[in-house]
Amino acid sequence: MNLILVGFMGSGKTTVSTLLGEALQQPVYDLDDEVEKAACKPIPQIFADDGEASFRDLEHSALKEVVKRRQGILATGGGTPVAERNQRLLEHAQAPVILLTASPAETARRLGDGEGRPLASKLTPAELADLQDARRPAYDRCADLTIRTDKLSPTAVAKLIIAFLRIHQDQSA
């Protein structure tokens with residue numbers, strides 16, 4: 001794995017990973033997509049049929065497989081880094097972990113009504129902000145770099161990450 005993006009839902013992980021994949025000519029893996037493929041159903045259906053615990057087990061299994069890949073950019077799910085077992089996988093992935101953040105107000109704006117996001121659709125804006133705050137320590141433990149995305153375009157975020165990767169590679173050489 002060349003790079004892993006973490007952050008709360010709506011922080012820009014999927015959009016930025018797609019831009020990075022194009023710019024760096026690397027495959028892009030979205031962990032939510034990997035979970036849906038493994039379960040043969042969309043995430044809202046997994047939550048409805050099997051519950052969040054089952055989803056988190058599927059997510060862990062998918063993460064374990066994806067981080068083994070030599071090349072690529074991974075956009076994790078918003079809750080992925082919260083589980084300690086996932087933190088260990090991210091730590092041992094030997095890839096820079098970039099945390100994308102946004103303010104609670106910007107997150108609420110981006111998520112809208114939370115359609116397609118089982119947790120967001122059940123929460124008020126205040127509860128969403130509380131969840132974001134509660135997850136922050138887990139995100140911080142994993143991150144090699146944090147980028148606040150509120151006032152940056154996805155392209156600008158991707159360019160910052162590419163600059164970081166160049167510096168990171170120079171220091172590793």
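Cβ coordinates come from backbone N, Cα and C, glycine included.
If you check Swiss-Prot, you get these features:
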BINDING   Gly10, Ser11, Gly12, Lys13, Thr14, Thr15, Arg117  ATP binding site
BINDING   Thr14  Mg(2+) binding site
BINDING   Asp32, Arg56, Gly78, Arg135  substrate binding site
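What Swiss-Prot annotates, mapped onto the structure for a quick look.
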| residue | record | Cβ contacts under 8 Å, 6 or more apart |
| --- | --- | --- |
| Ser11 | ATP binding site | Gly78, Leu100, Thr101, Ala102, Thr107, Thr149 |
| Gly12 | ATP binding site | Leu100, Ala102, Thr149, Pro154, Val157 |
| Lys13 | ATP binding site | Leu5, Val6, Gly7, Ala75, Thr76, Leu100 |
| Thr14 | ATP binding site | Asp30, Ala75 |
| Thr15 | ATP binding site | Pro154 |
| Asp32 | substrate binding site | Ile43, Gly77 |
| Arg56 | substrate binding site | Gly79, Ala83 |
| Arg135 | substrate binding site | Phe8, Gly78, Gly79, Pro81, Val82 |
Thr15 (ATP binding site): secondary structure state under DSSP, collapsed to three categories: helix
Other CB atoms within 10 A, centred on Gly78 (substrate binding site): 23
For Gly78 (substrate binding site), the three-state class that DSSP assigns: coil
